[in-house]
Amino acid sequence: MNNWQHSFNNPVDLTDHLQKPYLRFDNKTKDATKIVFDDRTNLVWAGDTYGCVSSYDPSFSLYTRFRAHVGAIPVRDLLSHREGILSLSEDSLHFSNRRGVTMFNLTSIDIATFSGLKAMCYSSQEKQHKLYCAGENTSTGITCVDLKKGQFENVVYYNSKVKLLASNNKLICVGKQSGSVDLLDPNSNQIVKSFSAHSSTISGMDIRDYTLVTVGKSERFSNQYADPFVNVYDLRNMKQLPPISFSKGTTMGSGGAEFVQLHPLLPTVMIVATENGSFDFIDLSNPTLRKQYVHPCQSMKQLTLSPNGDHLAILESNNCLSTWSRSPTNSNFTNMPDILEFPDFADDGIQGPVSIDDYDYPLSSVGLPYYHEKLLSAWPRTIFKSPGTIPQRQIDMVNSIDNNHTLILNKLPSNSPLASLASEKFPFYRYDKNKFGHRNVMEKYVSQYDLRKRLTSDMKPEELLRYKAVNESEIPPAFARLPSTYGRFGSTSFDFEAFNKSPFSGLDKDVDNSYTNAILQVYRFVPEIYNFVVGCLKDENLDRTSLLSDLGYLYDMMARSKGNICSSSNFQVSLNSNEEASELNLTQDSNFKNAPNKIENNIPSLDHLQINQDNNKLKENYEKLQKSLSQRFNDFFLGQLIRDEKESTGHNIALEQCFGFHLETNVNASCKDYPRQLTVIPTLTVLSPTRNGVKQNNKKLNNQPILSYIETSMKRIKYINSCCDTCHKQEIVEYERTIKNLPPVLSLELVLTKSEWSTVKTIKNWLSKEFYATMLKDKAIVRSSPNDIKSTNQIFKYELNGYVARINESNNETRLVTYVRIFDSKTNSFKWYMFNDYLVVEVDEADALNISAWWKTPEIIIYCDAEELRKPFFSVDTYSINYDILYRDHFAKGVKDNVRTEYKLLSKAEAPKPGTLIAIDAEFVILNNELSEIDCKGVKTIVRAKKIALARISVIRGEIGEMFGVPFIDDYVVNNNHIEDYLTRYSGIHPGDLCPETSSRPLVTREVIYRKIWLLMQLGCVFVGHGLYNDFKNININVPKTQIRDTAIYFLQGKRFLSLRYLAFVLLGLNIQEGDHDSIEDAHTALILYRKYLDLKEKGALEKTIENLYEEGRASNYKVPENMAKSSTIQ
């Protein structure tokens, strides 16, 4: 404690790099916020208000400096790690090595609980593999991050504002904003003790071994004053010791303790300091032994001791760093410092001349010159995005692409004075004022930090669901890109209720081909399609993969979930396995990386008209149009449903009659050898009237609603130059495409150019709410009123059922949303809803019909017969369901006859009834692990989420009787895909078990086992299991909560779930899962545990038993002892 000297007389300015000319006028605070010594090297780290982290060696020369947090947000905390340095801001955590290379960077996009962070600490100072972060946001709790994996681990519920965190090897001390201190057990995530330390707030805190010291402030005379004492606590006995006074004899308001730190080597010594520069070294065992010093400064912001206790760093209020030292000869901050790494500079020597024609000389060997000054290219990007600079605008130039990749966009009128300067290859573009704002006005810069906050900030529910724009350029929050639900912690912690207050279920976006969610939603609310698709579930369809069946299960799940989120993962599995979908680039597994609404150059043009299969010469010579990804999927989807219906029933054509258009193509020419073709198409491509062969001037076209577009698209006439394949006569022929019927459901795909959309968006009420149509002389007549149709034929009334719209961001990012008009039988009226994946909100009819916004473009529109639209939605319960699969085996093709079974099938006498108790357990394998990438700024982006597949399901009888505990389902699921990890230790699945050619297991297809579980749920069975949420989520079935008995929840205290093996050992005295996991054993154990739970609850001993479970678990780290010779159970 003696011999301390002020060793650095010329303090270093930690904010020197922030005093640059280009940062002078940004109106931001330029301060150093945190300093910390490195535990392993001779470095001292400093953070500032711009998110930069710098390190200095003992001579206070700069070693490294890097931007840890994007958006110029302050560094709140720094923590030394054996591999580098951890930096914390209010919404992000950055981990880099000592050379400044990013190890990982987690933001509020990755972990939704990252909000208002202020402090962090390790769960154990020795291991340093888990990090706890907390702050002033009471709704996010304390977040635990796994530093080895660089991902979220769990959240500890904590509803107080946190100011400081510190830990030893057993406990975490939480310093609350209110002044009290809580002791958190990281094993159970429970508060084991609380101390009321200071009446107003806490200023400093440190813990070492079993000693905790705190300093803080109290409120006196409406002001906060630093307490003139240090609180000391003995954590071994969980008691407060007598406080130790500081700076005796000082007057009120000056000399109070502001900073405190325990000596890193001397366990009974602490340093206590005040803001005015006074600091004392005090012996805790004998407080009268103390040494007082005064640092010459106006005030100081922070004080910290080096790991070897020989150096003291002080951060002054003017952002200068000063040090004190005990030994002038010892410049090391730690006793055994690691050697610092420095960059190597290669000596390239003198480069001789090289001929430019020398193809044998590698250009990569030409080095770059070294510069002593920073190059312009090395300046931060924020310099070029700061006020006073011209923003770089990116204009969406993709409107139409012909076969020669020539861009033809929004041309100027021919009478424009600039038209002569433009060409088809390099045209001029009209300025979109709604999209880019007024001319000659600098666009407001939005940083990446603001974009992240826009996604993950604690937005009020009414703001989160706001669908009306406050100005012409804004995209309302309801249409924004939604955050991922898997993130780093799975969807169990995600608040879906904030995104959906309606009785209708949204769809999870974290699936393959998520763009299909919008199309699936729009047909979900077409009564005729829904009733037919769900009605197909009454029959078995087990021998083939069918989109029709998977769609039926999905729609049934969405109807039963009543607003809870659903997932289309099983439907996506079937879609990915469809060869035609893959050839059309509709799946994520094909070359198209799930980017909705981008244009593929290899798609046949809509104007490439084929007369027959052999004649491929008929093309049009002007601007080509192409369908978007959603429209191409819509064509395939409806066509595949028709094919699946015919293959499953053999003769039914109900879906074809529902939405099938009868298309007749005819060629009128002097030569009579052109054939007439009759086909059925599921969708109608709607073009502008001028492209359908109707001559109209621009003035008339500017006032026409969608009805003229629909009518002219039903009878399209084009004149093209053709050569007959029979007589070889070259002539101009009339090509006619005519729709010969009006189906009850009209699926329309709008394909317009950018200039045509510009015209459409200026027409009021262009999207008609209803219209009337009839067939007159083999031609469809479409009018807004029945009085406008002069015909004795039957007139059909069509009403708008919904549409899929593309949302276009100014940065060219796109996504799909769905508008649906749903009939409410209770009020006998229709209501409009908007679906944006899992966000669902009721909208006004005027907003739904308004398509004038620059960011909204309809792509698929559904009109339905008015009578069909008012039909009710029937549940599958109204049909007579085939339950035979529950009482027989249906193995996959190729399974051997001598297959080994461990179950006994149900008999008809054992037919399940509502309330029948059954126990279930499922095992899974990993098809591919998570794939992510980290950019140059350390931002981690998940390129591909982890994908798992069902491998085995076991179901056993749960009713008391002779057959209690006997399994009746034990099916292994066929999987021909590449399996990256069988998880044998946890699943019991070995390589070859899921292959029909090599397996000796009872293999079934996914369709068979899913139908069995679905039928058991349909019958009202009660499922018993351990961790059923995860099993049902990955099976992709939503079982009602009234039919679930989850033992993981029944024995839960706090947030830590207990393993099935630990519960079985402690409560039942059973040693399970000694080798590979067995799903039959796990299901049987869960069933016995449930019986034990009922018995304890009946005796009133449940709460006491759970307390004993966690108390004993903390002692054994919740693990079963390896030596099982002697077991003990809790009674």
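Note that Cβ sites are derived from N, Cα and C of the backbone, with glycine treated the same way.
Shown in sequence order, Asp921, Ser954, His1026, Leu1060, Ile1072, Gln1073 are the residues of the chain, 6+ apart in sequence, with a C-beta less than 8 angstroms from the C-beta of Asp1082 (divalent metal cation binding site). Feature annotation from TrEMBL assigns divalent metal cation binding site to Asp921, Glu923, Asp1031, Asp1082.
Per TrEMBL, the feature coiled coil maps to 608-635. Predicted-model confidence for the coiled coil (608-635) is 59, expressed as mean pLDDT.
Taken from TrEMBL, the feature domain 'USP' covers 505-866.
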Same-chain neighbours of the divalent metal cation site, Cβ within 8 Å of the mean position of the Cβ atoms of Asp921, Glu923, Asp1031, Asp1082 and not counting those residues, run in sequence order as Ile920, Ala922, Arg952, Ile953, Ser954, Gly1025, His1026, His1077, Ser1079, Ala1083
Listed in sequence order, the residues of the same chain lying six or more positions from Asp1031 (divalent metal cation binding site) whose CB sits under 8 Å from its CB are Ile920, Asp921, Ala922, Gly1025
When the binding-site residues Asp921, Glu923 are compared by other Cβ atoms within 10 Å, fewest goes to Glu923
